[in-house]
Amino acid sequence: MSNLSDLLPYLSEGFCSTCKGLLESRLRNFNQSSSNGKFGGNSLPDGYKSDSSTESCLSTGSSCFSTPDNRAISPVQTTSSTPASVKSNGYSVGHPVSTQSTDSRIQNKEFGNKLSVNAGNGRVVPNEKNVSLTDKEQIIRMSKVGRKKDFVCKETIKGRQINVLEGLELHTRVFDEKEQKQIVDFVYALQRMGRSRELRERTYSEPRKWMRGKGRVTMQFGCCYNYAVDKKGNPPGIMRDEEVDPIPTLFKSMIKKMVRWSILPPSCIPNSCIVNIYDEGDCIPPHIDHHDFLRPFCTVSFLTESSILFGSNLKTVAPGEFSGSASIPLPVGSVLVLKGNGADVAKHCVPAVHGKRISITFRKMDDSKLPFKFSLDPELLGILPLGSSLVNKLPVPQVAQLQNLQRHSVPSHNNSELVKKTSGNPIQFGEVDFPPLGASNTVSRAKSKK
């Protein structure tokens, strides 16, 4: 039997102090009744002392995913230090104060009480208590999102000029700082579980770093994807006879948000995802995502802004270094959506990153390629974007924000201003290209010409 000093931190991971005390109290009662205060021959560690309580997070209204004193979800210790943004003060979700602004209250509610990690069986499970934003609150948040859909980079392919970036969309400020911290903390908690072999074997992979750019950590949920022909001769693609862990509840919350905010279409709701954890110098080589996955798919960026390189003829210059036609910066908290030429004509890659980075890529599997033991998740069925039926219930300023959102959701077809001849240097898209909704694009485009 495991030592309680090992079990208790896992059993109480993500708990508030009240629930942690309640769990400890029950364990003590069990110990006393079963073996005179012993559990498997080991005493409960003295470091876990709290008063007995009959209350829980559900009854007190506090959050079971508060982070100020919760060391269980701190980043995994590695040789390089964690970025300052991850070390920032923790926050407690689910305690709105009357003096808070609407935005602060929304930020505290959005991802509160969404998940916990069950280390006893190595599975990711949801908490029962969920708090969601109202439609009005979501519209307020949506109005702050920047959306760019008119990327242009012309290449000559088979004698024709083609915009290889057609179909790309970059949505910025989708996940705010507090949401980013919560997601990053959870990813590191999953990494600890993977290192402890508490996730399925095919879920977690951490190759040996044998050269620069090689050895990033990956975690696959929903399906197991084979990048190249393996030792058994299996071709690249979804391995239908392999099992991985299901998508964690927090990641499903991200999916719901992206569909409701018109970032992903309801016709292509992701049912799989892959998490990439980069150390400084890690990269992703040039590739086109396998067509076992439908289009569009998307990737969300955390911790460090990095660039993604696109082009029909990307070249490797050195380990972790590539050359191509267009480079697009990916701000933290942003969502890059790939479809059209941007997904199927141009290859893409991530050059060696300059600091710690996490990306989560969400994709929908082709129905004919689903794993044999795959089952549909009812939480991911029937998600719809916020509709125009809300307009009549909103104040005039918010109606204007919604109209701006709908107007900016239509890609611009007047791309002549942005067309540039491809040279040895890639086209650079800077921050001025990503205005918030409702802001004029004229100034940004004028600046980009200078």
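Along the chain as shown, the residues are counted starting at 1.
Backbone N, Cα and C define each Cβ position, glycine as well.
These numbers come from a predicted model, not from an experiment.
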From the ranges 115-135, 304-324, 430-450, grab the one TrEMBL calls region 'Disordered'.
430-450
Could you put numbers on the helix, strand and coil content of the domain 'Fe2OG dioxygenase' (269-366), residue by residue per DSSP?
4 helix, 52 strand, 42 coil
Averaged over the domain 'Fe2OG dioxygenase' (269-366), what pLDDT does the prediction give?
97
